[in-house]
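Per Swiss-Prot, the features are as follows:
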BINDING   104-111, 184-188, 242-245  GTP binding site
Amino acid sequence: MVLESFSASLRETIRKITGSSYIDKETVKEISKDLQRILLKADVNVKTVLQVTKEMERRALEEKPPAGMAHQDYMVRIIYEELLKILGEPSNVKLKPQTIMLVGLYGNGKTTTAGKLARFFAKKGLNSGLIAADVHRYAAYDQLKQIASEVNAKFYGDQSEKDPVRLIKHGLEQLKDVAVKIIDTSGRDSMDAELFDEIRRIKEAVAPDEVLMIIDATMGQQAGPEAKAFNDAIGVTGIIITKMDGTAKGGGALSAVAEIHVPIYFIGTGEHMDDLEVFDPKKFLSRLLGLGDLESLFETVQEADITEEEAQESFEKLMTGKFNLKDMYDVWEKFSKPGLMKKLVDALPLARIPGSQKIDDSKIQSAEDKLRMYRIIMDSMTFEELENPEIINAKRITRIARGAGVREEDVRMLLKEFKAMKNNMKMMKGNRGLKKMLQANFRSGNFGLEDLGIKE
């Protein structure tokens, strides 16, 4: 998960608040100190940390909760709103034909991000073309060409051309029928006049619709000065922060960049080409705090290619007890795509579920491995057995295990867990209040936030 330790600490603070019997001055001071420690550990600027916690304390002690809202929930709302202020404004990613110019220093993930952008726009129905305009790093051509093939994007490059302006103009002409043209420009090991002069020349000659700067999240609060230097020198329209999954300093990078008032368009959340996320401060913060993000939850389901009709049919089967192993197999197959289960877990409102614990990446990986094994086991079953698992006897368990290359205990565990799931669904079916609550929350699209008076 992005900012895993940061998120875990924030969620623990939320649980501490919601688990308190009352909120007094001592509790507010204690929560303030917790927040200061968490934010400083994430490399957020000291001045920013003090501003956030001072305002949080003032509001928690002076403001009265709206009618019908518990003081504990109102304090969570205050924390949400104060943290939101340091994350900047929502980006405005345009889903239309355009030319995008990527700039930034070496090692920040600029070339990889070019491929991720192409994959992102392809999902939105816009084909892309990648232009290799880094005329100084020899390996950049081959790297971008390989990435273009991986994401099924068109590619243009010319290793013999050393003038980036001529190269890009020719590339744009070659890719004129492509909706989104993405230019991977040269970087440097450090900011210098030569780099800025080259980027200015390209920008003036090409007039791109977007100039997006790529920044490494591991820089923490130092990302702010770097973004400011680029913006002052060439004028950037947006920021993409990479490697958010591999550092504890991502919070510092986000808050520092937000201070220069250049919108953050995307964040890189992993190594896969699909691991690029439009940055929406509200959704991002909601997940960090464990308040849930049903919009991302629905997007994940869409990414798994599950239609609304299929989802409704599966839900009805669950509620009526008609859900069988074949239905389970179909759902698991949809979610077998790398990274989907992780996205699903990140979107759940875990901090608002009593007794819930942090789900780290190792547990998610273990669950994915288990589901993969279960699918192999089900591949060794007959259609009749998938439709009616109750007919599977001890002799068949032995043959299924042998055919799947697993232990008999693994087959029994699958059948046991399936039976337990059906029993749980039967119990929920009889609880009208619980069923109504779940249906209402899923319709609202604000599970977790609505109870706090926070509107999307």
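Positions of Cβ are set from backbone N, Cα and C atoms, glycine also.
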Residue among the binding-site residues G104, G107 whose Cβ has the most other Cβ atoms within 10 Å: G104
Most crowded position, judged by CB atoms within 10 A, among K110, R188 as binding-site residues: K110
Structural state of K110 (GTP binding site), classified by DSSP into three states: helix
Neighbourhood of T185 (GTP binding site) by C-beta distance under 8 A, where only residues 6 or more apart in the same chain count: M101, L102, V103, K110, A133, D134, P164, E198, I199, I202
